[in-house]
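Undergrad: Below are the structure tokens for one structure; questions will follow.
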Amino acid sequence: MTTVVREAFENHVKLVESRNSPGHVLASSEASFFVADLNDVVRKWAAWKEALPDVTPFFAVKSSYDRRLIQTLATCGAGFDCASTEEIELILSLGIGAERIIFTHPCKPVSSLGLCRKLGITLITFDNECELRKLHHHYPEAQTVLRVFADDPTNADPLGTKFGAARDDFDGLVRLVKELNMQLAGASFHAAPSVAVDAAAYVRGIRDTAEVFARARQVGLNPTVLDIGGGYTDSTFQQIAGAVRPAIAECFKSEVGEGRLRILAEPGTLFSCSPFYLAVKVVARRVNATAFGHEPATRLYINDGIYSNFMMRFIVNMTFSPAAVIREGVWHDQADHTMRGEACSLWGRSCDSNDCINRDCRLGPEVRVGDWLVFKDMGAYTTVCNTTFNGFTSSNHTIYLEPGTHPSRRSPVDL
């Protein structure tokens, strides 16, 4: 974590707490807030283009609706993977052209097809006969992309059970595209983020999409778009990229050689996760909670939870551990306290007994009511998953650290 990120947190905590007085604590001073280092987005983009120079990232908008993040990626040259009309409208509202959008949801309402046709969004994904016939009826000139089944058995949240055409269906779907006199722009797959690196899932997906291309050419179609999907994380990207490059060169040798292959990908978490840090406030502390089993005796209750920015704890059982404690505007890094700090559990703000962020962690110094806990890697599937359960709202404040200047001189933009 850079010094400028830490200073942004410390300065904001000092600011909001300075507005309070004895007996009068402003609600705004207790709201969780983010710090977003947009320079990290630019670094990620550069790393992507170095590892996969011929692959254009189409950012998976579902992972984050943050407008400043999206604008930064647009400036870098990204396209955008949208799965709903609302996501499409978000991208267009930022002045980004429709030609930079791919509509990737394989099963769509008719109204969304009408919107795409009106706006000129041409790349549309499908994975079954019914969807293709719906496209033919409502948007016959669409540039269709056949999504094939591709999954990794180690995935925490596998998508293959929901979307993707099986190999046995390739031939029939390709022939139906030809019969309906439609265009097959290409093929795609999606291997969701996995708990272990299985680059073989991407290689399988590339081989299957190459088979779609081959069958399409046999019936007189001319696909040119290969979409290698998403699922990339900081810990897996380089290994996946190392497997993807030779697989594309092998399976699409003629297309690559003739310069007629357009390659896309749909990274979301890779770009949206690490730039964002979240600070939550400790609103209550309970000690001697020994009657609840083997958990630590101290419970800390925070002003956030699984129905707000920690939904991934509920969806994929992700563990969240604070990177720092801020007390009276002073930062206390937690790297040295993982083994010798105070044992405690962290609980969310709702009345749901499942709203537990971490059942056993160690923090130091001893955390008090009013302290702040800072979590890193909080940009993906956080604000987009917020609910109003128990009446709690999540109008989170974000402090943006702008890219393009030296970190030591970069000024935070407070919005």
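Placement of Cβ uses the backbone N, Cα and C atoms for every residue, glycine included.
What Swiss-Prot shows for this protein is this:
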| type | residues | note |
| --- | --- | --- |
| ACT_SITE | CYS351 | active site, proton donor |
| BINDING | SER194, GLY231, GLU266, PRO267, GLY268, THR269, TYR381 | pyridoxal 5'-phosphate binding site |
| BINDING | ILE315, VAL316, ASP352 | substrate binding site |
| MOD_RES | LYS62 | N6-(pyridoxal phosphate)lysine |
| MOD_RES | CYS351 | S-nitrosocysteine |
Undergrad: Can you see whether DSSP assigns GLY231 (pyridoxal 5'-phosphate binding site) to helix, strand or coil?
TA: coil
Undergrad: Taking the Cβ of GLY268 (pyridoxal 5'-phosphate binding site) as the reference point, list residues of the same chain whose Cβ is under 8 angstroms away and which are at least six residues distant in sequence.
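TA: In sequence order, PHE59, ALA60, VAL61, LYS62, SER63, SER64, ASP81, GLY230, ALA380 meet the Cβ cut-off.
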Undergrad: What three-state secondary structure does DSSP assign to ILE315 (substrate binding site)?
TA: helix
Undergrad: Across all chains shown, how many C-beta atoms besides its own are within 10 angstroms of the C-beta of GLU266 (pyridoxal 5'-phosphate binding site)?
TA: 26
Undergrad: Going by C-alpha distance, which of the recorded positions VAL316, CYS351, ASP352 is nearest to PRO267 (pyridoxal 5'-phosphate binding site)?
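TA: Given the candidates VAL316, CYS351, ASP352, the nearest one is VAL316.
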Undergrad: Looking at the binding-site residues GLU266, THR269, ILE315, VAL316, TYR381, which has the shortest Cα distance to CYS351 (active site, proton donor)?
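TA: So, spelling it out, the nearest of the binding-site residues is ILE315.
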Undergrad: Under a three-state reduction of DSSP output, how is LYS62 (N6-(pyridoxal phosphate)lysine) classified: helix, strand, or coil?
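TA: Helix, per DSSP.
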Undergrad: Work out how many Å separate ILE315 (substrate binding site) and TYR381 (pyridoxal 5'-phosphate binding site) at their Cα atoms, rounded off.
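TA: Roughly 10 Å, rounded to the nearest whole number.
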Undergrad: What whole-number Å value do you get for the CA-CA distance of TYR381 (pyridoxal 5'-phosphate binding site) and VAL316 (substrate binding site)?
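TA: TYR381 (pyridoxal 5'-phosphate binding site) and VAL316 (substrate binding site) have their Cα atoms 11 Å apart.
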Undergrad: Could you give the maximum C-alpha to C-alpha distance in Å for the residues ILE315, VAL316, ASP352 that bind substrate per the record?
TA: 18
Undergrad: Tell me the Cα distance separating THR269 (pyridoxal 5'-phosphate binding site) from VAL316 (substrate binding site), rounded to the nearest angstrom.
TA: 14
Undergrad: So how many other Cβ atoms are close to the residue listed as 'N6-(pyridoxal phosphate)lysine', meaning within 10 Å of its Cβ?
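TA: Counting Cβ neighbours of the residue listed as 'N6-(pyridoxal phosphate)lysine' within 10 Å gives 20.
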Undergrad: Measuring Cα to Cα, how far is GLU266 (pyridoxal 5'-phosphate binding site) from ASP352 (substrate binding site) in Å?
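TA: Between the Cα atoms of GLU266 (pyridoxal 5'-phosphate binding site) and ASP352 (substrate binding site), the distance comes to 35 Å.
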